[in-house]
Amino acid sequence: MALRLDGKALAKELEQRLAQQVRSGCAKAGRPPGLAVLRVGDDPASAVYVANKEKACARVGVESFGAHLPASSQPETLLKTIQALNADERVDGILLQLPLPAGLDETPLLAAIDPDKDADGLHTLNLGRLLKGEPGPRSCTPAGVMAMLRSQGIDPSGKRAVVVGRSILVGQPMALMLQAANATVMVAHSRTRDLAALTRQADILVVAAGRPEMIGAEHVAPGAVVVDVGIHRRPEGGLCGDVNAAELEPLAAALSPVPGGVGPMTVTMLLVNTVLAWSRRHQLDHDLADLVP
C-alpha cells in the first residue's frame, strides 16, 4: 500500500505557519499582505479556482483584491490594469488567472507584472532566478510538489527523477527544482519514444502531461514515488489524475491522491509567494525559507 502524499493536510499545516507570520508582521508593516487576482471572462472553472484562492487568503489573513474583466477586454485594458496593480502599495502579489479567453495572448501580460509581485512565479526574470538559484517567487505547483516530498522525508539527492510534461507552468520549473535538489533529472514529453522504458527508471516520477490516467502499472518501477499533477473530470462523474491510481496503489512507495494532493499545495504556495514578498518589502523576519526550493 502506497504512502499517501496528502497535500490537503500539508496545506492546512502551512497555512497555520503563514497566518502566524502575518499576525507577527502586521504591526511593523502597518498592513496585511495583499494578493490581487485578475480574471478575464466567465470560465466556470476559473471562477471556482479564484473563489478557492480568496477563501485561502481569508484563512491566512491575506487581503484579497479581485479584478474581473469581460472576455471582450482589449490587451491594452488588461495591461493598464496590471500596471495599476504594480503601482498599488497594498498589493504584494499579482496573479493572472489562466487560461485566458481565446484571442488573448498571456505572454505580454505575464511579462508586464512586476517580477517582485509575480505570485505565480511565471515571469521570465523569476524563471531565470530559479535557474540560477537566486531568491524570488517560485512557480507554485512545482514548489508545492517539493514541499510535499520534504514533508515525508523524501530527499531527491542522488535519485533518478523523471518529469512527464515540459510546460513552462509545471514541467520545466519542476525539472529545475529537482535538479537543484541534486536529483538526476530526465524530462519526457509527447515526442518521447517508449515512455514506459524511461519512466520505469524513475525513483521519483512527476506526471504533468494533461492526459487522464495515461500512466499505468507498466510505466512505474516497484517502490517509486509518484506525484500526480493532473486533474480531470470523468465523463461518468468524479475526478481523476494523469496516473491510474488503482493500478499504482499497490506498486508505488508513495502516491499523491487526486483530488487532495498537489491542488491544495498549489494554492498554498501562491500564498507563500505573496507573504514572502510582503515580508521582503517590509524587512520582516520570517521562518519560511524552507518552503522555497
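Each residue, glycine too, has its Cβ placed from N, Cα and C.
Keep in mind that this is a model prediction, so the values were computed, not measured.
Summarising the annotation, Swiss-Prot assigns NADP(+) binding site to G165, R166, S167, S190, I231 and lists sequence analysis as the type of evidence. For the recorded site, G165 (NADP(+) binding site), the DSSP three-state label reads coil.
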### Query
Taking the Cβ of S190 (NADP(+) binding site) as centre, how many other Cβ atoms lie within 10 Å?
11
